[in-house]
Amino acid sequence: MPAELSTQHTHTRYCAVERSLYTILLSVSHTSDLTTMASSSGLAGLAVLLTAVLCLQLPAASRAQLQVGFYDTTCPNAESIVQQAVADAFATNSGVAAGLIRLHFHDCFVNGCDASVLLSVNPAGGDPERDTPPNNPSLRGFEVVDAARAALEQSCPSTVSCADILAFAARDSINLTGSDVFYQVPSGRRDGSVSNGSLAFTLPGPNLTADELVKGFADRNMTAEEMVVLSGTHTLGRSHCNSFIVRNRERLASGTISPAYQALLEALCPANTSRFTNVTTEIDLSTPTVLDNNYYKLLPLNLGLHFSDDQLIRNATLKASVDSFAANETLWKEKLVAAMIKMGELQPKTGAEGEIRLNCSIVNTASSSSSSSARLIEVLRPGSDNEVASS
């Protein structure tokens, strides 16, 4: 075992001992009679303080560790509850899968995976992320998250974060559309309380060049290949006319889009297309509801819907990845799983950071925050043999 991992395990298990101490002392305070309540409360308070002090002294990498099975003890049915909510929505509208994958992506790429994209109000003032042009009106799937949140509150209140719901829902969406794709999601994220709409403009958009796309991912410590891998999820879902029609007229002039394809798009989109024109089309012409590698096969035929899609074959390094994934779907899916896990570990809030939002669209009130904080020690699970280190 590498030295740094050994150190993390040692610190994590040391923190686990202190949490066990808290649990023991808390049980004493719960079973004590009135004559011993004061002293028991004092012991419990001391345990809380001891745990907080010792755990906060751990290295940042150790404290920020996400892990598979984080809710095994505190909410054993957490993942199945989210999975059921996604499956119920998918049965009515298969397009929701693409929406949930995109929600997770747009959350993690702005200030880390903290469910900030779900907030309907920016407590600091100004527009929240979800109301800005990169997200509105194109984001969808909020109602599925709300359904999962409600079901989880019935089963295990104040335990599962909205950020983890998003991560689980994205995985389940990939599984539903890819059939043979399933992966374990490291969890333990907590929810943020800030949603700054101006930061949403840093999201990689449909009109970026290859260099801009690579830089946007590099800024999040993700590689050019991982950018191409995650772009492959465009094999699912639909896009609004405003995201492609104007830039594609430039592509037509430069010969980088099929004239017949552009003619179809022009016939579909109104001449006065604007941001809120509610006309959409499939991104993948042939299999828009199936997670496959068809997206990569369309690009060399000049059938990429967005300028950014087409840019993947205008750069020699990126095109090599496109060609590789077009020829080998299994390889792409393997790399997709790794990229999704890595993306899901971008700057998560863990431990005592953030909160467990009881309503994913608003921050907790003072009373609900107190209730959530009281359960923090139960939700914080110590490290175990199934820890997953950041990629």
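Note that Cβ sites are derived from N, Cα and C of the backbone, with glycine treated the same way.
TrEMBL: automatically predicted annotations, no manual curation.
Listed in TrEMBL for this protein:
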DOMAIN    65-364  domain 'Plant heme peroxidase family profile'
SITE      R102  site 'Transition state stabilizer'
ACT_SITE  H106  active site, proton acceptor
BINDING   D107, V110, G112, D114, S116, E129  Ca(2+) 1 binding site
BINDING   P204  substrate binding site
BINDING   H234  heme b binding site
BINDING   T235, D284, T287, D292  Ca(2+) 2 binding site
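A 10 Å radius around the C-alpha of H106 (active site, proton acceptor) takes in none of the binding-site residues listed as H234, T235, T287, D292.
For the binding-site residues D107, V110, D114, P204, D284, a Cα-Cα cutoff of 10 angstroms around the residue listed as 'heme b binding site' retains D284. T287 (Ca(2+) 2 binding site) sits 18 Å from R102 (site 'Transition state stabilizer'), counting Cα to Cα. Cα distances from D107 (Ca(2+) 1 binding site) to the binding-site residues P204, T235, D284, D292 are smallest for P204. Note: the Cα of G112 (Ca(2+) 1 binding site) and the Cα of R102 (site 'Transition state stabilizer') are spaced 14 Å from each other.
Of all the binding-site residues given, namely D107, D114, E129, D284, D292, the one with the smallest number of surrounding CB atoms inside 10 A is D292. Same-chain residues with CB within 8 A of the center of the D107, V110, G112, D114, S116, E129 CB atoms, the Ca(2+) 1 site residues themselves not counted, are H106, C108, F109, N111, C113, A115, V117, G192, S195, L199. Under 8 Å, Cβ to Cβ, and six or more positions away along its own chain, V110 (Ca(2+) 1 binding site) finds S116, V117, E129, N196, L199, A200, T202, L203. Nearest Cα neighbour of P204 (substrate binding site) among the listed recorded positions (R102, D114, T235, D292): R102.
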